[in-house]
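Q: Please read through the structure below; I'll follow up with questions.
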Amino acid sequence: MLASNGDVLLDTGHSRLNELGYKQELKRDLSVFSNFAFSFSIISVLTGITTLYNNGLNFGGPVSLVYGWLIAGVFTMCVGLSMAEICSSYPTSGGLYYWSAKLAGPSWAPFASWMTGWFNIVGQWAVTTSIDYSLAQLIQVIVLLSTGGINNGGYEASKYVVIIFHGGILLVHAIMNSLPISWLSFFGQFAAAWNFLGVFLLTFLVPLVATERASPEFVFTHFNADNGEGINSKLYIFVLGLLMSQYTLTGYDASAHMTEETIEADKNGPRGIISSIGISIVVGWCYIVGITFAVTNIPNLLDKNNDSGGYAIAEIFYQAFKSRYGNGVGGIMCLGVVAVAIFFCGMSSVTSNSRMVYAFSRDGAMPLSSTWHKVNGNEVPINAVWLSALISFCMALTSLGSTVAFNAMVSIATIGLYIAYALPIFFRVTLARRSFVPGPFNLGSYGIFVGWVAVLWVTTISVLFSLPVEYPITNETLNYTPVAVGCMLIVTISTWILNAQHWFKGPVTNIPT
């Protein structure tokens, strides 16, 4: 649809952007499928489930995996629906922090925008760090299995080699994100197709190849309470098992950050958010069920002395093919399918990061904002791209010093990001309850109810994922998630009180009134 602007016909997203006070500086060339593809590729069920399948197996096993995914999926959809409704009204690259500013009202707008923006941007950097580091680790496992595995003298890469892998991956992602948006659109669509087809290939292939399969009763009713972490409460165990599902179902704010490059963004941005979550829930559940049918011995899969070094899904793939064909080459190829999915997941995450940096610096919220806001001849925020890659690499360097420090930092990827998701929704159902003007996509009379469900869910998981995951509690077993998020909160508020409140006024329009 086109909107009239004098004698010029504008795309409705372009027109709405102008109404909000911003010039069209990025190339608006993404279709609804391209917008969906970025979020779907970042959610990437192959990435999240593969990376944290160990966590689900250890805490609850099949019951936690199969039903935890559905529970997290339903509540994540509530968060997504509320975000989609707001996105339809405010289709800008700033996304969450811009929404908070508009919904909190004039007096609270600068502080609300500041808090949301920094939680969003740091959460995004942590997500990129986590994605690309998990790919580096998977490459290490592929090399290990390709050279014989743990029990046959396979090559185990050191943490320094893994960080070099990570740096190389980020370098490639930064180069790819320096290309015109038309190229990124193609990569995004390819990634979405790869994720979709890869899930169904592995879902059916792995259990079919395996010579031993679990029974339906095991897959749908077995609860693994033997976690070796000193936790006996089944409810507590199940809650900890939810982390895999909730970690995977993040990143769909990418559809909002890409709205200034999306055709009819006031309609297609919300569609991208909702469809990416909905399709991910369905294909992710199929992947979990299919792979779990190949699980016959949980302790063996989690054993650090197995061929894959305790990487559960890698061991499942490897042993499935080895048991039938005498070698695990087919399983290694299956891991290659996952690696490609994770690679494009990281690429899309850098894209989303850079658009958030571009928008946040456009409003002067970042140090050296004028530098990060620059757009090159291809209409790409090139400096924001390379900044995002550099910061993600620096975050990963903590893994060289302390696994505890790295895990605490990466924990912001889930909790920090969801706090950023919840803040504008909270303002929508409280301060803007009566003043909010919906866009083409809206929830009607259900908007307030769905919004409160979303806010309460984020509050719940923020508490649950801060609980100890091992007893007795020591410096090594303490869950540092609340420490990391608390430090982030203290730093953000402190910088606001001491400095930013004197100069940051929230989103700044760049069209003269």
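Even glycines carry a Cβ here, placed using N, Cα and C.
According to TrEMBL, the protein carries these features:
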- 32-53: transmembrane segment (TRANSMEM)
- 65-87: transmembrane segment (TRANSMEM)
- 133-153: transmembrane segment (TRANSMEM)
- 160-179: transmembrane segment (TRANSMEM)
- 191-210: transmembrane segment (TRANSMEM)
- 273-295: transmembrane segment (TRANSMEM)
- 325-346: transmembrane segment (TRANSMEM)
- 384-406: transmembrane segment (TRANSMEM)
- 412-431: transmembrane segment (TRANSMEM)
- 443-467: transmembrane segment (TRANSMEM)
- 479-498: transmembrane segment (TRANSMEM)
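Could you place these features in context, so I can see how deep they sit and what lies close by?
A: Counting residues 6+ beyond its ends, the transmembrane segment (384-406) has Cβ neighbours under 8 Å at 124-126, 128-129, 132-133, 159-160, 162-163, 166-167, 170-171, 173-174, 177-178, 350, 353-355, 357-358, 361, 372-373, 475-476, 478, 480 in the same chain.
Using a Cβ-Cβ cut-off under 8 Å and counting only residues 6 or more beyond its ends in the same chain, the transmembrane segment (443-467) has close neighbours at 75-76, 78-79, 81-82, 85, 236, 239-240, 242-243, 246, 411, 414-415, 418-419, 421-422, 425-426, 428-429, 433, 436, 479, 481-482, 485.
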Q: Might you confirm whether the transmembrane segment (325-346) is in contact with the transmembrane segment (191-210), defined here as three or more C-beta pairs under 8 A between residues 6 or more apart in sequence?
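A: Since 3 or more Cβ pairs under 8 Å link them, the transmembrane segment (191-210) and the transmembrane segment (325-346) do come into contact.
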Q: Which listed stretch (32-53, 273-295, 479-498) has the most C-beta pairs under 8 A with the transmembrane segment (325-346)?
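A: Stretch with maximum Cβ contacts: 32-53.
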Q: Same chain only, please: residues at least 6 beyond the ends of the transmembrane segment (412-431) with a C-beta under 8 Å from a C-beta of the stretch. Say none if there are none.
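A: Residues 79, 82-83, 85-86, 96-97, 99-100, 103-105, 108, 112, 115-117, 119-120, 122-124, 126-127, 129-130, 243, 246-247, 250-251, 253, 447-448, 451-452, 454-455, 458-459, 461-462, 465-466, 481, 484-485, 488 contact the transmembrane segment (412-431) from elsewhere in the chain.
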Q: Restricting to the same chain and to residues at least six past its boundaries, which positions have a Cβ under 8 Å from a Cβ of the transmembrane segment (32-53)?
A: 65, 127, 131, 134, 138, 185, 188-189, 191-192, 195-196, 198-199, 202, 243-244, 247-255, 258-259, 262-265, 267-269, 271-273, 275-277, 279-280, 283-284, 287-288, 291, 312-313, 337-338, 341-342, 344-345, 347-349, 351-352
Q: Grab the same-chain neighbours of the transmembrane segment (273-295) for me: Cβ-Cβ under 8 Å, and only residues 6 or more beyond its ends, written as numbers and ranges.
A: 36, 39-40, 43, 45-46, 48-49, 53, 57, 62, 65-66, 69-70, 73, 76-77, 80-81, 83-84, 87, 195-196, 199-200, 202-204, 206-207, 210, 213-214, 218-219, 248-249, 252-253, 255-256, 301, 313, 316, 320
